[in-house]
Amino acid sequence: MMPLLHLAGTLIMALFLSCLRPGSLNPCIEVLPNITYQCMDQNLSKIPHDIPYSTKNLDLSFNPLKILRSYSFTNFSQLQWLDLSRCEIETIEDKAWHGLNQLSTLVLTGNPIKSFSPGSFSGLTNLENLVAVETKMTSLEGFHIGQLISLKKLNVAHNLIHSFKLPEYFSNLTNLEHVDLSYNYIQTISVKDLQFLRENPQVNLSLDLSLNPIDSIQAQAFQGIRLHELTLRSNFNSSNVLKMCLQNMTGLHVHRLILGEFKNERNLESFDRSVMEGLCNVSIDEFRLTYINHFSDDIYNLNCLANISAMSFTGVHIKHIADVPRHFKWQSLSIIRCHLKPFPKLSLPFLKSWTLTTNREDISFGQLALPSLRYLDLSRNAMSFRGCCSYSDFGTNNLKYLDLSFNGVILMSANFMGLEELEYLDFQHSTLKKVTEFSVFLSLEKLLYLDISYTNTKIDFDGIFLGLISLNTLKMAGNSFKDNTLSNVFTNTTNLTFLDLSKCQLEQISRGVFDTLYRLQLLNMSHNNLLFLDPSHYKQLYSLRTLDCSFNRIETSKGILQHFPKSLAVFNLTNNSVACICEYQNFLQWVKDQKMFLVNVEQMKCASPIDMKASLVLDFTNSTCYIYKTIISVSVVSVLVVATVAFLIYHFYFHLILIAGCKKYSRGESIYDAFVIYSSQNEDWVRNELVKNLEEGVPRFQLCLHYRDFIPGVAIAANIIQEGFHKSRKVIVVVSRHFIQSRWCIFEYEIAQTWQFLSSRSGIIFIVLEKVEKSLLRQQVELYRLLSRNTYLEWEDNALGRHIFWRRLKKALLDGKALNPDETSEEEQEATTLT
């Protein structure tokens, strides 16, 4: 029974394994599909065979491979880079690298290889870089790499090598350029050690012997030897040993000699002129001195250094270098991380390049006299410039490169007169003063590169970049503009291809700012405060490839999104305040449609509304908007209908009452001859003049007056309509300044108009009590129009004027009045009297 159970278990396991896809058990990480794989520290005991044959880069470091057997890499014919660091490899069998014809870099660091057979490196026909650091190698003689005819760089640092002898097989390595033997145990250098170089003068080799405890160099050891570079750093335990060894390097021809110590490896107690005298018998083109503490200031007066082309001091405790003789033919001088004080006022007629950076002491710029200078780097010195920049500052007309970045305050007092050849100018992280007070760069028509980033500049002068007609790179991040608005400062810079406006606190962009930048390829607008994305600003940028608007406050777009240049390939809109609402539906849909060239579009998140905050922009759906639109449309229409009906009812309420009243009283007789509409300010005139002459005169008229005839306890509006209009034949409107300014009077007048329209008769009599300014009268358009087109009565406070006024008013009131016989005789008598 048990064998059957074992058989069943085996079959189930086999079935399970057969269902796994090929390569699913591969522990390696696919960095680039089919190109780069990382198998570091996966406890592999052999080379995995399920990695694609097309792999070019393979990291197998920190795996216990122990032995590299023959044909281990047959499946990797395309491999170019192989890292086998610390794989505990002790043995490399012949033909272990078979098939690696394309391999160019091999790293064997940290493997305790016991021995190398003559065929250990066979098959590596194109290997250019071999790293065998910390392999416990004791000699180059047993390191059989003579077959590596393409080898250019050999690194055997941190080993146990005691002899500097370069074996005979080096004669096969005709392409060898650099050998790193640093941190070994080489103590002596003899004549025979360099026989290979003496017999092969065509080899242009660089040797690094740093950190070897050299205590002697045999006389004539370097006689007739040519090297491209020789590095001797932290090799000598005293100045005397160094002095003796330098004297025995007589006859050496070296392009670049690097001498000194490391920052954390200091052995020499002093370094003076006598130590350097040994170099007088060495032919040197470039000399570099590094990390020397006790340095004699007169060392640069050594005449044997007069003819070198390049001098470099790095980390040297040098205090001043002002007395370099004028006849020195130095063409390049570098002073990096030194302790100069004060600023060196050099006068070297042959100097073309000068670098003074990261000085450890505070210094202020002083004028120079360097007529051949083309390259000047004074960055990272916290220097102050009391005036910049013109020919008088540097004493040259040939300057092409000027770096004044990471300094203190730079006062711009000139516009680079005499420096018209400048092509590169860097002020970043220095504080520029007066840079916007005039066209500072007007003379720099050949300038190609300008960096004024983080210079505390507020740009309020549109002519700041006048003259820069050749400029192709402009960096101005970290500054600000007037009113936080990008103004038209680029009109003259038509050749720009790179423009950085990040972190400029921009909120708006003026129209046409970029319209002349037809060649611009990269525009960085990130880390500003832009609220909208307006494609019209970028419409004329026909060559634009990259646009970065990330880290702004953009909610949506303005204008037509299709106006972006067709050349645009990379667009970054991440980290903005995108509003995922239906109002911006077109913009959100455009974001979805442009996924191909929007950077990290899948990470773009909504900032509002609250219920959508932190959700992905791509998750916003248009269908939601259609539902919302339907609900909102129905709701809005319903509200509008109800509001309109309510408004009409409210607005025409009294008119409706008037209509109803007209129907009710249409067949009844009028009680009053006229209903008087007037302002309370004119009540005295109504009582003393109008009532007295009409109700007590002949014929007599009955007037409806609100203070006398309105029924108490009834709403005023109801009294006006029912007692005033419905029971009166006519309406007298007393027009005055107070009348026009009274909203209640105007309301009564509007009801009177409706009454006149419904009664189909001319029943309104206008009395203009006083002169009213036309400007005031025009405020009531309808009243002004009626007074302009109809006859009205004007009150004149004189005998003749009164006589005519009352005669005309009574005549108007008699129109349509039914008179009894008594009233008729009285009327005739009154008429006779008036005649």
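One-based numbering along the chain as shown.
Keep in mind that glycine also has a Cβ here, set from the backbone N, Cα and C atoms.
The record in Swiss-Prot lists a disulphide bond between C304 and one of C280, C338, namely C280.
For C580, the cysteine that Swiss-Prot lists as its disulphide partner among C582, C606 is C606.
For C582, the disulfide partner named by Swiss-Prot among C549, C625 is C625. For C28, the partner cysteine in a disulfide bond according to Swiss-Prot, taken from C39, C87, is C39.
Counting only the Cα atoms, the space from N281 (N-linked glycosylation site) to C304 (disulfide bond) is about 8 angstrom.
Within 10 Å of the C-beta of N172 (N-linked glycosylation site) we count 14 further C-beta atoms, all protein chains included. N575 (N-linked glycosylation site) is surrounded by 19 other CB atoms, counting those within 10 A of its CB over all protein chains shown. Each of the disulfide-bonded residues C280, C389, C625 was scored by the number of other CB atoms within 10 A of its CB, and the lowest score belongs to C280.
On a Cα basis, C582 (disulfide bond) lies 29 Å away from N524 (N-linked glycosylation site). In the structure as shown, the Cβ atom of N34 (N-linked glycosylation site) sits within 10 Å of 13 other Cβ atoms. In terms of C-alpha distance, the listed disulfide-bonded residues C28, C388, C582, C606 place C388 closest to C304 (disulfide bond).
Looking just at the topological domain 'Extracellular' (26-638), the mean pLDDT is 92.
Local packing around the glycosylation sites N281, N524 was summarised as the count of other Cβ atoms within 10 Å of each Cβ; on this measure the leading residue is N524. The two recorded residues, N575 (N-linked glycosylation site) and C606 (disulfide bond), have Cα atoms 9 Å apart.
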